[in-house]
Structure formats: structure tokens, C-alpha cells
Amino acid sequence: MTQADGTMKTEKKPFKPERITSAKTTQWLSNNKQLIGIFSVLILLSVFFSFSTSSFFTTGNMLNLLQQLAPNLIVVVIMTLVITTSGIDLSVGSILSLASALIAVLLSARWDSFFAFVFVLIVGAAVGLLNGYIISYLRIPPFIVTLASMIYVEGCALLITGGYSISISGSSWLMSLGGGELFTIPVSAIIAILIIIIGWIILTQTRFGTYIIGIGANEESVRRAGVNIKKIKLFTYMFSGMIAAFAGIIIATRLGSGSSNVGTGFEMDVIAAVVLGGTSLFGGIGTMLGSVIGVFLIGIINNGLTLMNVSPYIIQIIQGAVLLFAVIVNTYFFGRNKKRN
């Protein structure tokens, strides 16, 4: 302040844009601590496995890993949306198995590839629609509904296959979904990337995504705003079933056979990836990028340990430990915040 002319004047401090930039950076880091943490672990594990086995960080293994993880990357998109609504879908693995078995049966029966493809997607969507209806309109908890679906859908898959694998033969466009390549990149990986982008747009840039986040954060407030919550949930679970069926088709065409047990444990891997990535189990917070990183983290652990000739039983124990760790961390981060609110 100066008094040269007898009046008090306040000196204006120069505007410093870097202060705003610094504040935004600090805020972003604070809001994405779990995402940064899991990405750091992913990098560290990649470095560890690169030094542990020479066959890990090779073009062939990376492309193979992409192809293997494509179904997980596809289903993790819809699972992120489901969990963001404060729901869960335990039936995706069984739907995947049913779709894998069904596409094999239909192609073996000389169905046209296109009609077989559409029919399997409709079956998956129908299972998801039934789940969504019971959850939304009958108000039965998602865990119970989808657990029951997991059991009866798996039974259907066993029924149509008799417990055996069914070979798929042919060179139609359908076979290229799981086994084809485009410029050495697996077609399934390209499809997965496209679905991830679409899922990110839906979650962050559309009204539907806003409703999904709102339902998970405060369902009653969204209902009072005039949003048809039942319809939003219904469509979310319907898409969950359809996308799981699509992933089943991709696995069947990659392996060249359909099986009733190909999706065993699949839902746990996907849920673990979503939870590890930073989507709240309590709903209201969802991150598509985090879920994708979660898929790669779990996939790299499995791939790296396999290349190191670690026993598959040990790998299964580690998978269970990772899931437990993910739930504990997720509950710590988001459960504490929910109590505060």
C-alpha cells in the first residue's frame, strides 16, 4: 500500500497462472491416488518380469497377452458401469461360457454365421434383461440375483455340451473375431480398444453415464429429479449380458472350440480389475482407465508367473490374494469417504 497522494492504495499482485496450474495438478494427484498407485505397480511388475524371464517383454508375448486379455477388456467396460451403479454382476462368466458353447453348437449345426452370432447376443441380452428386471422392479439385491443366474446359466451351458468341448471349423468372418489379425495386431484387441473408448464416452460424456454415477452416489436424489432409475438399471444389466456373450464368442473363435467351463472364474478377474482400478464398490465413482489398467495388472501377473514356470495352483492363490487386497483397499478408500458423507 502507498500514501503518496494522501489516500490509501492497494497494490495489485501480479496474476500468476502457474499457481492455478499447480493447484489443479495437486487436486488431480489427490483425486487419482489409487489410479497412480496401480499404474506404478503395473510398471514395476513389468520391469520385474522383464528381468526375470527373457521371453516376457517380446513382441510375440505382448501380442499374445493382448489377444488373451481382449475378452476381459471388453467385459470390464460394462462391469465398470454396473459397479458404478452400486451393483454387481456375477453371471458374466457363466454367460460367457454359455455363449461359447452355444456358438459352437450352432455353427456345428450349419447355422449361418451372422444369424448364429446375432442369436447368441440375443440370448446373452435376455439373461441380462431378466437380471435387470428382477433387480430393478422386484428390488432383489444384485448379488443374490446374479449369483442365481451364474448357477442356472452354467447349468444350461453344461446341458447343451454334455460337459465336452465342441470344435468350431470354418474360415468365416466370425472366426476372425477371435483369431484374426490386422497389421499383426489381434482383431479382438482392436475391438476391445473400440469398446473401451465407447464405454469411456458413455460414462463421462453422456447423460446416461451421469445417471449411472448419480444412481450409485445417491439413488433417491436421482429418482426425485425425475429419472427412471429402473430403466437405467434394466438396460445396464441387459448390456452386461450381451457384452459377456460377445466376449464368449471371441474366446470360442480364438480357441476353435466352445466349452461350458471356459468362463469359470472369469467374473472374479473382471471384478478384481474394476475394484483395483479405482471404481468404488459402494457406487458413485467409476473410472474406465483404472479398470483397463486393472485388467493389464492381473494379466501381467498371470502371464509373468506362468513364464517363470510357477505352479498354476500358486498362481490361483495369488489371484485370490490380489482380489482380497483390492477389496480391502477399495473399502478403505471409498468406505471411509462414504461414512464422512
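Just so you know, glycine gets a Cβ as well, placed from its N, Cα and C.
As given in TrEMBL:
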- 35-54: transmembrane segment (TRANSMEM)
- 74-107: transmembrane segment (TRANSMEM)
- 114-134: transmembrane segment (TRANSMEM)
- 140-161: transmembrane segment (TRANSMEM)
- 182-203: transmembrane segment (TRANSMEM)
- 234-256: transmembrane segment (TRANSMEM)
- 268-301: transmembrane segment (TRANSMEM)
- 313-335: transmembrane segment (TRANSMEM)
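Counting Cβ pairs under 8 Å to the transmembrane segment (234-256), the stretch among 35-54, 74-107, 140-161, 313-335 with the most such contacts is 74-107. The recorded stretches the transmembrane segment (268-301) and the transmembrane segment (114-134) do not share 3+ CB pairs below 8 A when only pairs 6 or more apart in sequence are counted, and are therefore not in contact. Contact check: the transmembrane segment (182-203) against the transmembrane segment (35-54) gives fewer than three Cβ pairs closer than 8 Å, residues 6 or more apart, which falls short of the contact criterion.
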